[in-house]
């Protein structure tokens, strides 16, 4: 039963992601991206990682897409649409997504089955994070703090 | 399996059936608090008013404005109803627990994060200045309330040691109600809950006096009703959650011997908070936009972070 949902939501997630990048209207694209992220959360659910699935919906579905849409709504979309595409950007994007595609194919070749997750709750996730991987965890949090302060500093200077 | 299905059916029906009487009660309560009778014409003391409203909403012409983004305009209200119903399905009422979930509390948070798209997309897709401003306000409001709310819940979770509603109530049955340990978290959660539902004094995305109707200016008929179903279901769900977290949920005298009493206790506790939301609406004027963001970022956010330390100390002491 779970396998059916795994493939169903996986398929849905891919289809919605495709819709997201092919939409002419950026806001609609954002909404499809939201759908893609939420169905990715459902994929985690179907493979037994309840906690990660919910966090996926909160962080990506809630916070990040709201920020995307918020930023997009403040821009003048008509002006952006009229700008010509530059070949450099298109080829760079194509190159990067080609690498990503190869990575995914490589990963799939090694996997080829529905993963079974042992880590399902917050407790199981927290104990390795705060004992085994405490140092990397703290380093990342300092890095994020630096990025936040940096963003504030850059934003202030422009005023 | 069948138990779960029946519980789910019960909860969904309860939510949908409870909304019309609640709208009636709200208008009645508001009326009496403002020294006027409230609805009086339809039926004795206006008791049939919700039915009249329903008939009106069903038969009203469904208008989709010309310059609007049709797809998003139609999709937007469904975000409101479905996210509220999904959140309702994981919240246990006494022994009635439709979807037992280890991270139930987080799931409610996730659904509240999704529900904001209703206002946001409605505001954007209507192609109307007022609606658009309301959509922007809704987005900014989320950024304001979500952090303090998350931190307040984090404090509660540190104390209870679980995201599971059943575990949380079990903890309180042996240690006493959560509000005794976490009054600050309760206060923050209460304020943020009102902001999350978008009710006065935090009804900035609606703002009748300055934004006409805000995000739902262009909506009519059942699509308009969908927003209100979502809003009222959200009130019920969050009232259930707040009474679960801080007031022992279904615990009370004789609740262990007669589980049905537990359901009653829980619903009674929750209905107090539903009443409180009417009370606040009748009492407070609407916040100005910058005031609201100011109080959330400058008062509630630091307070909620400070409260986490208190919760951690309590968790160490109580064990």
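Each position is counted from 1, following the chain as shown.
Backbone N, Cα and C atoms are what each Cβ position is placed from, and that goes for glycine too.
Here the structure is a predicted model, which means the values were calculated and not measured.
The feature transmembrane segment is assigned by TrEMBL to B:71-99 (among others). With a threshold of 8 Å between CB atoms, the same-chain residues lying at least 6 positions outside the transmembrane segment (B:71-99) that come near it are 4, 7-8, 10-12, 14-15, 64-65, 107-108, 111-112, 114-115, 117-119, 121-122, 124-126, 165-166, 218-219, 223-224, 226-227, 229-231, 233-234, 236-237, 240-241, 244, 249-250, 255, 259-260, 262-267.
The transmembrane segment annotation in TrEMBL covers B:105-124 (among others).
Marked as transmembrane segment by TrEMBL: B:145-163 (among others).
Per TrEMBL, transmembrane segment is recorded for B:175-195 (among others). Under 8 Å from some Cβ of the transmembrane segment (B:175-195) lie the Cβ atoms of residues 141, 144-145, 148-149, 151-153, 155-156, 159-160, 168, 201-202, 238, 242, 245-248, 273, 276-277, 280, 292, 296, 300, 303-304, 307, 310-311, 314, 318, all in the same chain and six or more residues away from its ends.
What TrEMBL records for B:232-252 (among others) is transmembrane segment.
What TrEMBL lists as transmembrane segment is B:258-279 (among others).
Here TrEMBL flags B:299-318 (among others) as transmembrane segment.
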Most Cβ pairs under 8 Å with the transmembrane segment (B:145-163), selected from B:105-124, B:232-252, B:258-279, B:299-318: B:299-318
For the transmembrane segment (B:105-124), sequence-distant contacts whose Cβ falls under 8 Å of one of its Cβ atoms, 6 or more beyond its ends: 69, 72-73, 75-80, 83-84, 86-87, 90-91, 131-136, 138-139, 142, 146, 149-150, 153, 157, 163-165, 168, 196, 198, 205, 214-216, 219, 227, 230, 234, 237-238, 241, 245
